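A short write-up of the structure that comes next.
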Amino acid sequence: MYASREDIGYDFGDDSKVGSKPIKPNPNIDGGWAWMIVLSSFLVHILIMGSQMALGILNMEWLEEFNQSRGLTAWVSSLSMGITLIVGPFIGLFISMCGCRTTAIIGGILNALGWILSAYASNVHYLFLTFGVTAGIGSGMVYLPAVVMVGQYFQNRRALAQGLSTTGTGFGAFLMTALLKYLCTEFGWRNAVFIQGAISLNLCVCGALMRPLSPKELREKYVVGNDSEENQAKALSQSTETIKSNGVLGEEPEKKEEAANEEVLDSVQHIEIGGKSGSGRSMYGLRLFKTVSQLTVTVRKGFALWYSSYFGAASLFTNRVFVAFIIWALFAYSSFVIPFIHLPEIVKQYKLSRQDNVFPLTSIIAIVHIFGKVILGIISDLPCISTWNVFLMANFTLVTCILTLPLMQTYIGLAVVCALIGFSSGYFSLMPVVTEDLVGTKHLANAYGIIICANGISALFGPPFAGWIYDITQKYDFSFYIAGLLYMVGIIFLLIQPCIQKKQSREKSTEEAQV
């Protein structure tokens, strides 16, 4: 979705171009500095995704501080979480022009700035801009390069590397929940947010570790690497956090456009050489014009790659099953996000804060989620098991838990349901495989980019909707019921559309046979 084929570490295969001359493997591919990239990505997952999963703590503080409705206050958290995913395709434009390292460092500064400025908030609307928009865009600018760089540095061990890096989400949710709860108790939420902003500056360090591979190193990677389609397919079956940022920015620019761009720069250079005898002011103007021209060419190339990738995939929407998959994504992710935002307050209403302080329910979801991704991935890889069936069963389990959660009013009951939510939401690791089955390998990256944008929209509107329902009914029960029913509608679309498509295929085959 956000990177070139080299960026995502995925080669569509052209073995005919591989020469017979042996090339010495690059020590930084599948080893060496590559493990520093994994460490950097792991820390990014902790600081970004982990912090977002712990926002329920701050949501309670903001409700008490500003005395606004739950629906309005929930927009702060949902803006940050939703924008992180929604801006992904647009961040790909920055990566194509500036590279992963520069994009990540700028994003780290923006993210930290959003946290720090939020400490001085006078109202919820101020937080919309600082925490929701500023920190959200910064998170997207760091999160995407963190995933892309792992794909660049790994060929044969890509699955292991991506798996290790994305476990930072679960660990981060556990650690950040405890950290924010402690900081809010000891120093107040404003100082806690300020401290968290200072901690987020470490994202710049993570970005600095993202040393780009040279073109020569990239060539060595694909010549030496294993190009079998089976290994490539397995490499794509990573967790949803990984694939959120995986995609194709587009094909090479057209040769005519490149020639035109080069002519512009050459003409500027000739003018500059011919004008050396001119005044200093004229030379300064020529150099400025040359710089602007080069920047314009870079922007045009990057935009052409970005536009051809995302808006050139319109044929995907002729696939009815894929459209049903998008509808499912619009409802599914909010059911996973809503508990993280509103569970802390539900626990407080049920007077279960003492037990929740010992082991928070959101931490239970985060930890079990790690095991769920691994176990469901292993099960789906078994030759006698259908990945589609595992995916649907996990979805049915999750929607059942969402509908059941309001019925639980004891800590043990809530803990069991939260554990099941964490485990069943491990189906995120199966989403790239299901998407590939629907659209094929050629359109996988772009299709997944669209799915993740739909997830971002779901995360954006889910928590505020739940808070708005509470403001009307004075209960969270209906929030979970409605979210669960909408989720069920998305699952029904997944069930109906494949059946319709199979029926149409059989009818078409019958007509062709009769002709």
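Just so it is clear, glycine is given a Cβ too, placed from its N, Cα and C backbone atoms.
Residues or ranges marked as domain 'Major facilitator superfamily (MFS) profile' by TrEMBL: 37-502.
Feature annotation from TrEMBL assigns transmembrane segment to 33-55 (among others). Sequence-distant contacts of the transmembrane segment (33-55) (same chain, at least 6 residues past either end, Cβ-Cβ under 8 Å): 77, 80-81, 84, 104, 111, 139, 142-143, 146-147, 149-150, 152-154, 161, 164-169, 171-177, 179-180, 196, 199-200, 202-203, 206-207, 209-211, 241, 340-341, 362, 366.
The transmembrane segment annotation in TrEMBL covers 75-95 (among others).
Positions annotated as transmembrane segment by TrEMBL: 102-120 (among others).
Sequence-distant contacts of the transmembrane segment (126-148) (same chain, six or more residues past either end, CB-CB distance under 8 Å): 2-3, 7-8, 40-41, 44-45, 48-49, 52, 62, 75-88, 91-92, 94-95, 100-101, 103-104, 106-115, 117-118, 162, 165, 193, 203, 206-207, 210, 241-242, 244-246. Taken from TrEMBL, the feature transmembrane segment covers 126-148 (among others).
Annotation comment: TrEMBL describes 160-180 (among others) as transmembrane segment.
Marked as transmembrane segment by TrEMBL: 192-210 (among others).
TrEMBL lists 321-341 (among others) with the feature transmembrane segment.
Residues or ranges marked as transmembrane segment in TrEMBL: 361-379 (among others). Listed as Cβ neighbours of the transmembrane segment (361-379) (distance under 8 Å, sequence separation of 6 or more from its ends, same chain) are residues 50, 53-54, 56, 163, 166-167, 169-174, 177-178, 237, 239, 339-340, 343-344, 347, 385, 390, 394, 414-415, 418-419, 421-430.
As annotated by TrEMBL, transmembrane segment applies to 386-405 (among others).
Per TrEMBL, the feature transmembrane segment maps to 411-434 (among others).
The transmembrane segment feature in TrEMBL is assigned to 446-466 (among others).
Here TrEMBL flags 478-496 (among others) as transmembrane segment.
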Residues from the same chain, set at least six apart from the ends of the transmembrane segment (192-210), whose C-beta lies under 8 A from its own: 36-37, 39-41, 43-44, 47-48, 51, 58, 100-105, 107-109, 111-116, 118-119, 131, 138, 142, 145-146, 149, 179-180, 183-184
Across the domain 'Major facilitator superfamily (MFS) profile' (37-502), average pLDDT on the 0 to 100 scale: 78
Per Cβ pairs under 8 Å, the stretch of 75-95, 160-180, 321-341 packing most closely against the transmembrane segment (386-405): 321-341
Residues from the same chain, set at least six apart from the ends of the transmembrane segment (160-180), whose C-beta lies under 8 A from its own: 34, 37-38, 41-51, 53-54, 56-58, 146-147, 150-151, 153-154, 192, 196, 235, 238-239, 241-242, 340, 360, 362-363, 365-367, 369-370, 373-374
